[in-house]
Amino acid sequence: MNMRTEHEIHNRRRGRNVGVGLMLGAFVILVMVLTFVKITQTDFTKAMGAPAPQSQESN
Amino acid sequence: MTDITNTPAAEHEAQLGDYFALFKPRVMQLVVFTALVGMLAAPVSVHPVVGFAAILFVAIGAGASGALNMWWDADIDQIMRRTQSRPIPAGKVQPGEALALGVALSGMSVMMLGLAANLLAAAMLLFTILFYAVFYTMWLKRRTPQNIVIGGAAGAFPPVIGWIIATGSFSIEAWLMFALIFMWTPPHFWALALFMRSDYDDADVPMLTVTHGRPATRRHILAYTMVLAVLAVGTGFTAIGGWIYLSFAIVLNAMFLLGAYRIWQRDEDASEADNYKVERKFFRLSLFYLFLHFGAILVEATLRPWGLGGW
């Protein structure tokens, strides 16, 4: 029985898996950068200065 | 002897490029470009990261709807010469994979666009995906010769989405860019149907050439091109136009009108004699036509901050 550890199909699969991995990594980085931009663009001072929501009083 | 390459799964195992081909990369180019122009032509500036992410999610949404289109149309793609090498008819990707990828990426792109830009842009992207994948692909395409006319709207929404990404609202300028693509699509595809003679007949797709005949298709090309020319030149006098756009529009529409007029004048014998030379030339021009119009809108928008673009 001829069993090779490295076969052409392994290389092809590796190429595909690396591609998917890189795309997922890029997506994670994009979401991180987008979150950073959204947070720094938002004016939180205004929100903190706004009147606090009335809490419900329990009887 | 055991050979891993002898298994059917290994023979047809898809590569990353095969999955990417499901997204119709050429259509995606047009979507990305027109959505980008729509976003940059808007009178509100967008943070570069937000803009990049938003256009990326629009592109992914467009690609996902392309995958859904290929999943549904696999049977006719196998018949038409133009589409035989697509991943599903070529046996590289299974139909179920295309469906799963299409549905998953549609949901992801809409959700992410909502988070990156605004809910109206996300809703518009969802509407566009459903319009193309369900309304056009599943319903209209095989039922009416107006398939291209109404289906063309799906390809016309990206600049509107781009505009909404920046402004969060609709406007007349956004709808003018929509109208430009909407009116351009039928003459573009009808010219293709004229010289790709038997493809649509063989696949039983009711293109105008099949249902109403080729002379009627030639008349329709001229009529749509005349309306398109008025719209395209008229856009030059709005807020997204300017003298650069107007100059381009006048030259391009004169050439486009001349091409449509020549197509209308010819009969089948004349076309067959020179292997549809005029129709092919008109089709090639139509590709440049749209890119140059939107390119001119982009130039106007880019120059505006320096007081050069616009009126």
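Just so you know, glycine gets a Cβ as well, placed from its N, Cα and C.
Source: prediction; values computed, not measured.
These features come from TrEMBL:
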type: TRANSMEM; residues: B:27-46; note: transmembrane segment
type: TRANSMEM; residues: B:52-72; note: transmembrane segment
type: TRANSMEM; residues: B:119-140; note: transmembrane segment
type: TRANSMEM; residues: B:147-166; note: transmembrane segment
type: TRANSMEM; residues: B:172-195; note: transmembrane segment
type: TRANSMEM; residues: B:221-237; note: transmembrane segment
type: TRANSMEM; residues: B:243-261; note: transmembrane segment
type: TRANSMEM; residues: B:282-303; note: transmembrane segment
Among B:27-46, B:52-72, B:119-140, B:172-195, B:282-303, which stretch has the most Cβ pairs under 8 Å to the transmembrane segment (B:221-237)?
B:172-195
Return the stretch with the most CB pairs under 8 A relative to the transmembrane segment (B:147-166), choosing among B:52-72, B:172-195, B:243-261.
B:172-195
Chain residues outside the transmembrane segment (B:119-140) and at least six past its termini with a C-beta under 8 angstroms from it:
54, 57-58, 61-62, 64-65, 68-69, 72-73, 102, 106, 109-111, 113, 146-147, 150-151, 153-155, 157-158, 160-161, 164-165, 168-169
